[in-house]
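The transmembrane segment annotation in TrEMBL covers 6-25, 37-58, 78-103, 110-131, 154-174, 204-226, 280-300.
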Amino acid sequence: MSAARIDWRIVAAGCLAVLAAIALGGRGGAPLVTEMLLMALFASSLNLLMSYGGMVSFGHAAFFGLGAYGLALAVSRFGLPVAAGLACGPLLAGLLALVFGTLCVRLSHIYFAMLTLACGQITFTVLFQWYDFTGGDTGITGFMAPAFGLDERWFAVVVLGVVVACLLALWRVVNAPLGITIRSVGEDPERVSASGLNPRRVQLTAFVIAGTLAGVAGSLFAALQGNAFPDYAGLGFTLDSLIMVVLGGLRSFGGGLYGAVIYVLLRNYVPLLVTEWELVIGVILLLVVLWSPEGFAGGLQRIGRRLRSEPRP
C-alpha cells in the first residue's frame, strides 16, 4: 500500500487468502483464523497509539475486555438482541477510553504508561469483584450461543468483513490530516503546540479511536467464545497485544497484522511440541528483536530493498 491510497489488489489478495484458509483449514481452522483476525484488529488498535502516537499503553486490554462485557451485559442483564449488544461493546469501550484518556494524556512517557496500567488494573478489578453485575471471577457465560450459533466458517467470514472494514477505516485515519497530526504529536508535541494545535486533544482522539477498535475486537471475541471473563481485560491480554505489535513491527501499519498471525500460530502450535512453550516464544521474540528491531514488517522491507538494489546479471 502506498502512503496515500489503498491498493485494492493487496486487500483482495489478503481476503482471498483468508477465505481459502477458512475453507481449507479443516476442523478447528475457522476458529483459529477468526482468532487471528480479532487479534490483528486488537493489535492494530494498539499500534495506532505506539507507532503513530508515540504512546505506550500497559492497559489496552481494558478496552478489549469492556467490548466483551458490553455485549455480554447488554444481552444477559438488559435483554437486548445480540446485534444491539455488538454495538454496545465498542460504545462502552469508547466511552471509557474517553474517560481514561482524558486522565492519561495529561502525562507523558513512563508516567503515561504507568497511568494506563493503573486504569487497566482498575477495570480488571471492577470486573473481577462486582459479582452482582459482572459475575465476578466466574464471568458471564451462556448468554448466547458461540459464534451466534452459526457455522464456524460463516462466522469467520462475518468477522473478516468487520475486521477489514475497521482496518480500512484505520488506514484512512492514519493517512488523513488527523493521522499526520497524530504522528507529529508523537514525534514532537512541542512543535505541534507551537503551531496552534492542542497536542492533548490529538492524543485523546487517537486514544478513543484505539479504544473503540479494541472494543470491536473484544465484542466479537466474546461472541466467538459465548462468554466474557475478567481476564479479557487483564494484564495478560495487554502483554499479548504488546508482543504482537513488537513482533509485527513498530512504525508499520501492517505490524499488528503480521504480529497477530505469527503470535497466534506460535501460541497454538508451540505448546503441542514442547512443554516450556512460553520460554520458546520468549526466545523467538528476542531473536526477532535482535535480527530486526523493526519487527517482521521491517525485516521484509529490508529484504525487499536489498533485492531491488542488487544488480541484475
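A Cβ is built for glycine as well, from the same backbone N, Cα and C atoms used for every other residue.
Please treat TrEMBL annotations as automatic predictions, because they have not gone through curation.
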Recorded stretches the transmembrane segment (110-131) and the transmembrane segment (6-25) touching, at least 3 CB pairs under 8 Å: no
Long-range environment of the transmembrane segment (6-25) - Cβ separation under 8 angstroms, sequence gap at least 6: 32-33, 37, 153, 156-157, 160, 164, 168, 171
Dominant neighbour of the transmembrane segment (78-103) in 37-58, 154-174, 204-226, 280-300, by Cβ pairs under 8 Å: 204-226
Determine which residues of the chain contact the transmembrane segment (280-300) at the Cβ level, with the cut-off under 8 Å and only residues 6 or more beyond its ends counted. 243, 245-252, 254-255, 258-259, 262-263, 266-267, 270, 274
